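Per TrEMBL, the features are as follows:
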REGION    1-35  region 'Disordered'
COMPBIAS  26-35  compositional bias 'Basic residues'
DOMAIN    40-179  domain 'Potassium channel inwardly rectifying transmembrane'
TRANSMEM  74-97  transmembrane segment
TRANSMEM  151-174  transmembrane segment
DOMAIN    186-355  domain 'Inward rectifier potassium channel C-terminal'
REGION    376-402  region 'Disordered'
């Protein structure tokens with residue numbers, strides 16, 4: 001079937017036993033052609049920056065998410081400042097209470113009952129603030145029962161200190177446990193390929209998981225990012241179109257134990273229906289692939305992304321196998337994860353390939369008589385009624401048999 005399709009499209013198939021040519025390198029556009037700016041980088045980072053955002057107060061309304069999204073150096077700075085500011089603030093209040101009560105003027109008076117024992121200046125007040133908020137309690141500096149304002153301040157600092165601890169420790173925990181780094185071990189092939197699968201042109205790429213702990217409920221999606229102009233003249237610079245990777249059949253839900261090849265069948269619903277090899281080399285688009293699932297160890301949702309530009313789609317290539325059967329187990333050779341080999345593939349579009357297959361089927365139908373109809377045709381010639389057309393298997397007899 002594949003040989004017939006190639007013959008209709010005018011692509012030589014190669015002689016059996018003939019040495020295959022070496023893998024063709026990725027196509028490079030001309031020096032004068034401007035390289036397309038990626039929408040999503042190969043490592044999954046979105047190449048989009050938000051500018052002229054005037055309603056910056058919205059970030060403060062969700063301060064927790066804002067702190068989690070900060071870079072590590074800024075998160076650590078906020079973490080340190082949050083504790084240092086509260087310690088200094090309450091230390092200043094403790095010193096102010098001691099100053100107003102006159103405790104600092106009666107340091108050598110043993111008959112005087114201060115608000116806080118052994119508080120003789122701002123440094124000692126700052127240390128007492130740290131001991132109170134962190135509940136260290138060395139026992140050298142301690143509040144007395146003759147200072148009601150100190151007791152109220154102690155309760156207030158204990159409550160606010162617990163809130164600061166919960167907020168900052170929660171931010172750091174969420175930031176540390178983010179599943180972003182889990183996506184580093186989810187890999188995509190460096191190139192996508194276009195070749196025949198079951199006599200149909202398919203766009204394919206490969207995904208794999210390097211860890212032994214698996215991604216639960218893994219699913220895959222693909223988007224075509226391409227400029228578009230509507231019939232009304234509206235220009236859409238980054239129009240997104242879904243590429244079917246098995247949503248109707250459930251093939252988009254993956255059991256990602258070993259590397260899998262994800263296939264998009266180029267049919268009449270595909271945006272590549274009219275794209276041939278020559279047109280693909282001149283086209284300008286980006287394919288964004290998104291792999292989602294839950295991390296088995298933590299139960300958190302993880303997402304890995306990558307993209308393919310037009311010059312990273314190899315026409316007439318196929319991925320090399322990676323899985324081999326060893327003694328008692330299967331082994332995956334990730335050394336060839338990105339490797340492809342050239343295979344005979346029609347250079348025409350999927351529409352032209354389907355039309356060629358339809359013409360071939362029609363030619364075979366009208367040129368090759370059915371053997372089941374031959375006995376009835378002979379009976380019609382020998383003694384049948386020439387005016388009555390004979391019928392067999394729902395097929396009318398040919399005029400020569402009448």
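Glycine is treated like the rest: Cβ placed from N, Cα and C.
Remote same-chain partners of the transmembrane segment (74-97), defined as residues 6 or more beyond its termini with a Cβ less than 8 Å from a stretch Cβ, comprise 67-68, 115-116, 119, 121-122, 125-130, 132-133, 147, 149-150, 153, 157, 160-161, 164, 167-168, 171-172, 175. Residues 64, 67-68, 75, 78-79, 82-83, 86, 90, 93-94, 97, 129, 132-135, 143, 145 of the same chain, all 6+ positions outside the transmembrane segment (151-174), place their C-beta atoms under 8 angstroms from a C-beta of that stretch. Confidence in the domain 'Inward rectifier potassium channel C-terminal' (186-355), given as mean pLDDT, stands at 92. Across the range of the domain 'Potassium channel inwardly rectifying transmembrane' (40-179), the DSSP-based residue counts are 86 helix, 4 strand, 50 coil.
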